[in-house]
Amino acid sequence: MAKKTIRDIDWSGKRALVRVDFNVPLENGQITDDTRIRAALPTIRYLLEHGAAVILMSHLGRPKNKVVESMRLAPVVARLAELLPEAKAVKGSQATTGPAAEAAARDLKPGEVLVLENTRFDPREEANDESMARELAKLGDVYVNDAFGSAHRAHASTEGVARFLPAVAGFLMEAELAALQGALENPARPFVTIIGGAKISDKIGVIENLLGKVDALLIGGGMANTFLLAQGHEMGDSLVEPDSAPIAKSLLDQAAQRGVRLMLPTDVVIADAFSADANRKVVPVGEIPPGWRALDIGPETIRAYTEVITGAQTVIWNGPMGVFELAPFAEGTRAIAQAMANCPGMTIIGGGDSVAAIEQMGLADKIRHISTGGGASLELLEGRILPGVAALNDA
């Protein structure tokens, strides 16, 4: 599904209308992590260097279709100006569409950057309202989507606007699609995926899709408990989803039929309460006493999973192996992060706690691709078409 990119456009004198993902964490009006802003810089710089005026749009937080003062993009504008000294100007607008936004866009000169106000202040954004899409399209000559993290949303700024302008991918979008789709469509083998997180119900579609593609699937986190329950193990007070046990059993059967190694924990770290100072011990999966709960994978499981990961040529990891936010139960997740860093093949991490683990351990530079979109990468792994990608012009 090759898409046109910003390299396919002659930008001289054109206005680039770029959807970016500037949904950064703020505390008291200060940005606490500017990773997402930095991720958009290669695209913005390319456009500026090639003679474009650049108009940026993004959402921030969940303002619920109204103006929320603490969710304005002013702090983002200030940070972007610091990161882009080469821009002739970095301006902010308090409008997203309408006469004020149109005037600001019209006055923008090549080499200058304009950041529109939070797209989600407008109730039409999340409704993918055609009137908003048309108003946004008035602001630019060519639409660029570089917001992979929002590509699974069909909103006015991610999907609707692409119907009314030539529409191409930015560098971040291109890199995300190349890594994730490349791994799914033509992986170097052995191809291994590691799926963690609390609930199997959130990831059934992902596991079903991957069973047709991978050589091995490693399961951890709370979702492993439901698989173990389906195998007949007593799980004590562990988080389980009894309603999903038949699905877990079916997935185990499908894996066996397809010759896929679906690996589950063989030992677990258990605790007598859900807290960092609970009593804890390591037991085989069949020996969890009543009143105790599994909160992490055990050392034997870590060894087995590490061996499979380090021997792989393509690995995708999504979701923690245990209750990563409690230090005594973070070891499994940290060990998988280390195994990923030691793997010589194509390593991809998709979203959330897995990324946090890699960054906390200072291993980010050892991973080939760290996805900026948790929800979007999950939907790609599930085999879904992302609306924000489908809307772009085919190459």
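The backbone N, Cα and C atoms fix where each Cβ goes, glycine too.
Fair warning: this is a prediction, and the values are worked out from it, not measured in the lab.
According to Swiss-Prot, the protein has these features:
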type	residues	note
BINDING	D21, F22, N23, R36, H59, L60, G61, R62, R120, R153	substrate binding site
BINDING	K203, E325, G351, G352, D353, S354	ATP binding site
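Nearest neighbour of D21 (substrate binding site) by Cα distance, taken over the binding-site residues K203, E325, G352, D353, S354: G352. Sequence-distant contacts (6 or more apart, same chain, Cβ under 8 Å) of K203 (ATP binding site) comprise I195, G197, M223, N318, G319, L378. Neighbour list (G352 (ATP binding site), Cβ cut-off 8 Å, at least 6 residues apart, same chain): N318, G319, P320, G374.
Cβ neighbour count for D353 (ATP binding site): 21 (other Cβ atoms within 10 Å of its Cβ, all protein chains included). Of all the binding-site residues listed here (E325, D353, S354), D353 has the Cα closest to the Cα of G61 (substrate binding site). Between the alpha carbons (Cα) of H59 (substrate binding site) and D353 (ATP binding site) lies a span of roughly 22 Å. Reduced to three states, the DSSP call for R120 (substrate binding site) is helix. Close to S354 (ATP binding site) in the fold, though at least 6 residues off in sequence, lie G196, W317, N318, G319, P320, T333, I336, A337, each with a CB less than 8 Å from its CB. Fewest Cβ neighbours within 10 Å among the binding-site residues H59, R120: this applies to R120. Calculated from their C-alpha atoms, the gap between E325 (ATP binding site) and N23 (substrate binding site) amounts to 22 Å.
Note: the Cα of R120 (substrate binding site) and the Cα of D353 (ATP binding site) are spaced 26 Å from each other.
When Cβ atoms from all protein chains are considered, those within 10 Å of D21 (substrate binding site) total 25, not counting its own.
The Cβ neighbour count for E325 (ATP binding site), using a 10 Å radius and every protein chain shown, is 12.
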